[in-house]
Each structure stands twice: as C-alpha cells, then as structure tokens.
Amino acid sequence: MAATELRGVMGPGPTAMAAPGGGGAGPPMVGGGGAGGRGDSGPGSAAAPSTVAAVSAGGPGPGAGGVAAAGPAPAPPAGGSGGSGAGGSGSAREGWLFKWTNYIKGYQRRWFVLSNGLLSYYRSKAEMRHTCRGTINLATANITVEDSCNFIISNGGAQTYHLKASSEVERQRWVTALELAKAKAVKMLAESDESGDEESVSQTDKTELQNTLRTLSSKVEDLSTCNDLIAKHGTALQRSLSELESLRLPAESNEKIKQVNERATLFRITSNAMINACRDFLVLAQTHSKKWQKSLQYERDQRIRLEETLEQLAKQHNHLERAFRGATVLPANTPGSTGSSKDQCCSGKGDMSDEDDENEFFDAPEIITMPENLGHKRTGSNISGASSDISLDEQYKHQLEETKKEKRTRIPYKPNYSLNLWSIMKNCIGKELSKIPMPVNFNEPLSMLQRLTEDLEYHELLDRAAKCENSLEQLCYVAAFTVSSYSTTVFRTSKPFNPLLGETFELDRLEENGYRSLCEQVSHHPPAAAHHAESKNGWTLRQEIKITSKFRGKYLSIMPLGSIHCIFHATGHHYTWKKVTTTVHNIIVGKLWIDQSGEIDIVNHKTGDKCNLKFVPYSYFSRDVARKVTGEVTDPSGKVHFALLGTWDEKMDCFKVQPVIGENGGDARQRGHEAEESRVMLWKRNPLPKNAENMYYFSELALTLNAWEAGTAPTDSRLRPDQRLMENGRWDEANAEKQRLEEKQRLSRKKREAEAMKATEDGTPYDPYKALWFERKKDPVTKELTHIYRGGYWECKEKQDWSSCPDIF
C-alpha cells in the first residue's frame, strides 16, 4: 500500500508507548512510514492503527495489505546501527540506521545512502545495485531531533521516516550531514529556478524588465531623499518645540506644545515605515519579476499553440465535410441488380475501412435504428435469405419487429466534470436539509426504481427454481438469486435519482424473457418504493423497500427495510427475506468502495425450510477472499442439506451435505474432498459491457433501462427530464431541471398538507395520499403493512388510458 494513498486518514498512534532502545515514545506514524515506492514489505507496513485502507485503482474493493494490531514495539536487532562515513560510491554519507516499519516489527535495520540531496534506503548494502526501497528529497523535508538517538525526516505528510541511530554521536553525525545536504539542495533548487527563468525570458522582455526596475529604484531613491528631508526638518521642529517647553509659558500652552511634539514624532515614524515598505516592495519586485515574466511567456506560447491547434482542427473539419459530401450512399440492390451496381456501391463508399463499424458516436442522445439501415444490422437473420414467397411488405414488417426487440448496448460516456464540494457546503449554510439541492454530479442516470428493477437481471435463477421438484433445491436457487442482486453494486458508487412521489417504472420483457415488472414510489418521507414482477414461467416477486441511512463520518451505512416475497405458482411455495446493510467507505477521503454485510434468513413459509446467508464484512486482518458469502440450507428440523459458498460479486456454488458416521458414533459433516465432488455452480456474474468504466459501470440490463419506449405511463422514469439531460451529458441543465422538479414536488406536498389541515378544521373527511397502482394493506404471511399491487396498469397501457396519472414532471 502506498503511503501517499493514506493521505493522513489515520489518527496519530499511541505516543506514550515506549520505543525499545530509544527511551522515547513510539512514532506517531502520521503520513505513513513508507516512502511512496515499494517501501518495507510485510504486514501493516507504512500503516498505523485505525488506518482506513486505500482502495487500489483496479477496483473499488478494499486494497491489499492490512493494518497490524497495536502492541508494544519489539526490540531492535542486536548489533549497532552506526553509520559509516562517505563510502566509495561517492555519496555524502551512507551507513546503517534503524527505521520504524510498524507496530509488529518495530524498528528494522536498513542501509541508508545520502547523495545529491536525496536520502535513499535499502534492506542491505547489496540491494543498492537493483532495488531502492524509498527515497526522500531533502530540499522539501524537515529534520526533527526527538531524543538522544531518534530523529524524524518528513516532507510534509506524504513521506515520514522515523529513524534511530546506535548512539548520540552517530545520530549527530547523520543530522549534521542531512542539514548540510538539505542546505545545498535548497540552494541548487533556487539556482536552477533562476537559470530556468532566465532561459525563458526573451531579450526584449529583459530590457523592459531592467527599465522597469531602474524606474522603481529611482523612485525609491526619491522617496528616500524625501524621508531624509522629513527626518531633518522633523528633528529641527522637535528641537524648537523643546525650546518652547523650556520657556515660562502658561500651563495651557505647554500642553499644546506637548501634543504638537507627539504628533511630529508619529509623523516621522510613519514616514520611516512608508520608506521601508517601499524598499520591501522593490526587493519583492526584483525577486519575483523573473517568475512573472516566465509565466507571461508560457501563456504566450500556450496561446500560439492553441491557435495552431485550432487551425489544424478547422482544416480537418473542412476535410471531413468534403469527404462526407463526396461519399455517395446508394440504396440496397434490388433482386434484378447486376454485379456492376454492386461494384458502384462499393466504390461509392470511398476509402472507408472496416474499422468504421467501430467508430460510432457515443455521445448521441439515443441509438435509433431506422428502417433504411436494417440491411446493415449484424444479426443472425438476413433479409436476403428469406423465402421468395414472402412479400416485401411482410419483410418490412418483420424488420420493424426485430428493431423493436433490439436493446441498446451503450449510452453517452460520462463527462469528466469537476465537483467543488466546498462550494456545495457553502451554499447549504442556513438552509433546511430537505431544501438542499444535491447536484447530479453525485448521481448516475437511473432512478431508484430502475435500480430496484435491476434485481431481475438474473431472473433465470427463478425460472430454474420454478422447475425444481425438491423444495430444498429450489431454496438454493432462491438464495443464489438473492445474492446475485448485489453483484451490480460492486463498482456502482454513484447514487441513483430519488424518485418523485407517484413516479413509476415499467419493464416489459414478457416476449423476450417471460416476465414484466412495475415499480412505483409510494411514499416520499420516508422514501419507499413498491415493486411487483410476474413471470409466465411460474413465479411472482414483490417487495416494498424503505431506505434509511446513517452517516458515520468515514462511511455511510444504507439499511433497506421491508420484506421481499417470492411465490411459485405450481407448488405454492412462498419465500420471504430482507436485504443486508450496504456500506459506502471513504466518504470524505479516498476512493469510494462498497461492502455488503449482515445475515439474510430466507424462509419457505409452506414447508418451513430455511436458508441462512452470511455476508462477511471486509476485515483488514482476515485472509479470506473479499466479499465472501456463506450459507446453509436446512429443513424444519434444522438438519443441513446444502452448503453454499461464494462471493456476492462473482459466483455462488452449492455443495450437497451427506452425513457420515463420526468417531463417537454420531453424525458428522461430509469431508471436504467428498463435498467437492458434489459442487454445483448456481450463479456466475455476467461480464460488464465493453467500456463500462465510461458508462457508470452499467450492466447490459442497466444500459437498456433508461432507453425511451413508446406507450409508457407519463409518470415513467424514462420521461424524467433531469435524468435524461444528465444521461446526455448536459449536467448544468440537468441540475437546473432537478431543482425545478423538487420545488414542484415540494409545492404539491404543501398543498396536500393545507388541504388536510382545512379538512381537520372543517371536520370533513380527508383521504391522505394513496398510491395509484399499489394498495397498502396487511400482508397475510408476514403480518406487515405493505403495498401490494392492485392491478390495472397493463390494462391501462393496452388502452393507452393514463387519465388517472398525476402530473409530476
């Protein structure tokens, strides 16, 4: 783990812990003990207690490495740490020192080399030929002496070395050599800056600069002459006033003379201060004028470069326009066309290569397939292969049906917009929490209803479960489906849009996959969404999810409340379970990564079978694979029949458990090698689409969810304008539209509250807000109040009768 990735997240270590051999406190480990390179290997290297592990760039999961448990630092190895003098390598100084690594290994013996203002260290002298463990530049470093043998070298937080010499004399030799090397490095850095400045300044600019400085110097000289005159005349004035004080004058006159004398003194002091300030200004101008001139020259060069680039782009744009106008796209060949027409079509295409199929404009707002382009689709079917008995009208109708079934495979790439958190926090001061408009920069272009629908990505698990005759085997597939719903969250650190009250989302996959789904936002405070999905393959899934969250400083815990129901039509088996806690780490500092933790109990209410799934939270000390999930499937008597093992982001396996006779005559679990023979892979995650990192890490299903579809309800999430603008990369407009929608929703809520208050005062009955497609009633199985689908949506869609839908957009 690179020390620079820690960025001061951890708190200071125990300073009262005695360091072995040094008699002082243990190093606080601020900024890490590594050197930004490989650093010392071993557990906990360059980390302190309570360290938040940085996430590697390869994924959002917890990074490798760990934090060692706090404990007394071990004694240093035997033998002195005295450094040798200047070695034969030409270095200023080299020798052995003890370097603090972590609380388990304590101080370790390392070979340090000081050369050319750089302090490097190695595990041994032989390592100097091939492997440097770390280097710190003394030009920007601070050297601090702790006690008789210990000293610290730090460059401001990114690198900190806690070192210890074998004796006070040896420590002083090293500190002296380091201070000298630092002074020399600072001097060389300043000289290089000055020489670099001079190289970039043209002769004309130098002349202008010298003339300006000469003018400033003459003006300061004039001010200095005026100051001398003021001082001379001020002294004469004070002498005259002193003589007046010596005369016998009335008491009132003496008082006035004293006041004048004080004012003359203040005037002289002020004039001196003015002259000193002018001198300081001249010195500052002389010091920084070269850097200013260098910056000015750099800006001039940049302007020239930009002008040249713009000119090249204009030429390329003109060339592309001419090429586009020159490329003649001929219609597709008719059955009576000759081979020459085919050649003409190819020649009309110009010099376009096969790579042009991949050069698509990913910033297009929608991917629309026109009927004219159907002949260029790379699908398994081809119109030319159709029977000659089929008319052209039927072929065209068949093409349109295929077009409707096509799903988009990409969305516009995520723009690289910077986000100033401090400006957001500044604008939130003094506002109510509910009125703070959070920018879309934190979001992904999907609503929470669409994220809820993503649970159906691996719906085939429920299709297979519906075919199972054994209820325990069916429970294994239901458990795998439960785990699979979390696989889409592993890289998805952005939050979905909060749905507006009354917002809906439908997903009709009845023809392709045999199911259709409907979600509706049924409550705004607290936010709650109801979901109902039914499949012609013999299952129904319904749920109502309320989201509650707690911000813990370094991480955010998201706790979904509510039960999920899965009913199989053929057998009547009714399963229920709840979701686990999702934790988003590194909220303040570091790269965001997500973890799932907790237990899920899946219960078959008809047979009494149970499955207990354990989502193991990530631990710095565990050697287990990250994101691990284990489970057991038991019958009503508690006997284990299947064991489940896997990860919530990759796959789940199932093992059949056969009891064997134990040593004492009792039943024992099946041995490991025997269980391996019964392994069955229940589920494996689908690979992400190409360039998914540029498309919010969306899965293949997620890429299709916000694609425009005809005939949906006017409250559908696809029609939400701020979400559509964000998907198309117009984030500024999306922020403004989001604020408008939230304000509109706020006004509607105030209107309902006013109507409720008026009805209470008048004594008339008032119906609170009710969901349109779901009805709140007691669940017959769990006895919880929940929203259950009342029906009617798909019938209204067929009639295109949306008169009952509210105006929310």
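Every residue, even glycine, has its Cβ placed from backbone N, Cα and C.
The shown structure was predicted, so the numbers you read here are calculated from the model rather than taken from an experiment.
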Here TrEMBL annotates region 'Disordered', and of 184-217, 660-693, 728-761 the range meant is 728-761
Across the region 'Disordered' (728-761), DSSP labelling yields 31 helix, 0 strand, 3 coil
What DSSP reports for the domain 'PH' (90-183) is 24 helix, 43 strand, 27 coil
The mean pLDDT across the coiled coil (296-323) is 77
